[in-house]
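Here the structure comes first, spelled out in structure tokens, and everything after it is commentary.
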Amino acid sequence: MESYLTKWCVVLVLLCFGFSVVKAQAQAQVPCFFVFGDSLVDNGNNNGLISIARSNYFPYGIDFGGPTGRFSNGKTTVDVIAELLGFNGYIPAYNTVSGRQILSGVNYASAAAGIREETGRQLGQRISFSGQVRNYQTTVSQVVQLLGDETRAADYLKRCIYSVGLGSNDYLNNYFMPTFYSSSRQFTPEQYANDLISRYSTQLNALYNYGARKFALSGIGAVGCSPNALAGSPDGRTCVDRINSANQIFNNKLRSLVDQLNNNHPDAKFIYINAYGIFQDMITNPARFGFRVTNAGCCGIGRNAGQITCLPGQRPCRDRNAYVFWDAFHPTEAANVIIARRSYNAQSASDAYPMDISRLAQL
């Protein structure tokens, strides 16, 4: 009798476990979420690299249970988007993911990474956009093995969302760093943006060729309004126009690329997320979003707490929700939540084009 009851208990446990897995999967609006980007969304891929661009130390992650490699006090935008999409947990970093975990998605983002190969080299090792795409191609081979054949894998991957956001470092750690790079002497801002978009398009088409069909492309934020940029501004409050103007040239071309890619690939859907506009709204109307400090980092050194970014063991500000910026370059969790929510569910017509992520997920 005891053996009989034991067997039934085991069966019930297995049934409950199976039901919980199905329920967790059913809650997600898409089967998987793949992330490509830089330090704005890196969640640990740089931890094992020989690089200055790392954040696996306190006080990074102070509101996340400890440092993980995220460049914020807490969640990044893609963490919040994963929650909004219904995933039961955050998308794992490529350098830690294993087995069937990849079926929920992978984060390939790398701090200091750019669209151009040389971008960020002065900071050490990083995984460029093309390197991230190669890592994704390895993942696809693993998905094929897990699902049994290429047809099943293709059907699975076409329903996933692919978040791509690069370009900031191609300006911060390339074009506007003439001591290390010659790009600003080789190209006008218009020419440089054309070069970046051409390279960007090549990698997006490579992702398409490996099964990606739902793309959310994030534009560059208001980099000229970061504490690091403002530290060099005469009054410490006026955004640096030459940086923002160059970024907007890129953003306008990226939005046009969305139209081009949608025309070239009718079986796919590409959308543009206006990170610049959302960021400008927070900076221009801080009280509306609960912010009090828009021109300084919560953790950093020097003017605007932005000349040197957050150092190991440094004590950050107390009221982190009152700050737009966590350090010299990166948003706080509070700002990331706003950006993510407006990317997922646009609050104005300019937030996303031609649709937001919630509608993209429904396709």
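Quick reminder: no glycine exception, Cβ is built from N, Cα and C everywhere.
According to Swiss-Prot, the active site, nucleophile annotation covers Ser39. For Asp327, His330, the entry in Swiss-Prot reads active site. Annotation source Swiss-Prot lists signal peptide at 1-24, citing sequence analysis.
Rounded to a whole value, the Cα-Cα separation of His330 (active site) and Ser39 (active site, nucleophile) is 8 Å.
Neighbour density for the residue listed as 'active site, nucleophile': within 10 A of its CB lie 27 other CB atoms from the protein chains shown.
The local packing around Asp327 (active site), expressed as other Cβ atoms within 10 Å of its Cβ over all shown chains, amounts to 31.
Distance between Cα atoms for the residue listed as 'active site, nucleophile' and Asp327 (active site): 12 Å, as a whole number.
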